[in-house]
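Got a structure here, written out as structure tokens. Questions coming.
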Amino acid sequence: MQLTVLASAILALAQGALAIPAKAPALDVTLSQIDNTRVKAVVKNTGAEEVTFVHLNFFRDAAPVKKVSLFRNATEVPFNGIKLRFRNKGLTDDVLTTLAAGATFEDEFDIASTADLTEGGVVTVRSQGVVPLTKDNKVSGYIPFTSNEIELEVDGAKAAAVPAAINLLDRRTKVASCSGSRATALQTALRNTVSLANAAASAAESGSSSRFSEYFKTTSSATRSTVAARLRAVAREAGSTSSGKTTYYCGDPYGYCDPNVLAYTLPSKNIVANCDIYYSDLPALARSCHAQDQATTTLHEFTHAPGVYSPGTDDLGYGYQAATALSTSDALNNADTYALFANAVNLNC
């Protein structure tokens, strides 16, 4: 990993936990093709009550996040956008969506802006997962969503004409290395990440089976070995500040740090970037179970990077309640599950 910093100017953020509602609502997503690679999503609250949820990493997010999964011949097409981690308390109103029972909203986006579809041909599009519910601007639960599946006959030439959402030449001012208080904070976070990831790897291999099952829903030796391998890879990456597979920015190179985003990863380039509130809102290490901190945020982001351990993780369940409700296969592919497990091992939760 190579450390880099750039000038950034964004505002403030924080953290939290989850609790499933008594009568769990759900969101239904209807996908349709507008033209070639341009897609419309209609999101409907199918529950009996009004819900408010975070739409970061979801439909309505203006950033190039993963809203749908794309498949060609049953193989997933690599995603070229960003995966971000946001605070789970103190959320600003502009990243929250409120839907009355039966209400809908629409979102239109071009899937070719975050995936290479220049080959053309048939592409299958679908989406499912959970999004965080909120109360008083704090994550308080989660709501599942699922979509229909559509097949698109993609014109490769037209797809090639769609501008990429992220242009690597558009980076802001880049300074040679981290400096000052941010350099100190990040170096501390990286050292803590090494310790947390190694301890969590050992716990995955031979620690409490009940704790492992709490997060990964199995005690199989194969799964424990897989989790340990990813965590040890994270520890190696965090310990290599002048080499390694990732480039780590102390600031925001692409302008995706809004006032609620702690950090983000560009998996296609193995780039990790911290946002202002990573430094202002997070402690170096959490003192309570399931809380966010700098070290587990860095750990979370490293699991997204396929250069650290392939394949990189997604964001399938955010926060303790959502993450521990996932199946084994989804937990293995969920960044927050690794961060939460490391926190639990560190604090003996």
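Cβ atoms are placed via backbone N, Cα and C, with glycine included.
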If you pull up Swiss-Prot, which of C178, C349 shows a disulphide to C250?
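Disulfide pairing in Swiss-Prot: C250 with C178.
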Can you tell which of C257, C349 is bonded to C275 by a disulfide, based on Swiss-Prot?
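Swiss-Prot says the disulfide from C275 goes to C257.
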So around the Zn(2+) site, H300, H304, D315 aside, which residues have their CB within 8 A of the centroid of those CB atoms?
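Neighbours within 8 Å of the Cβ centroid, excluding H300, H304, D315: K83, R85, T265, E301, T303, T313, D314, N334, A335, D336, A339.
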Might you list, by sequence position, any residue in that chain lying six or more from H300 (Zn(2+) binding site) with a Cβ less than 8 Å away from its Cβ?
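The list for H300 (Zn(2+) binding site) reads R85, A263, A335, D336, Y338, A339, given in order along the sequence.
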Have a look around D315 (Zn(2+) binding site) and count the other CB atoms within 10 A of its CB, chains all included.
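I get 25 for this one.
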Check the Cα-Cα distances from C250 (disulfide bond) to the recorded positions E301, H304, D315 and tell me which is shortest.
E301
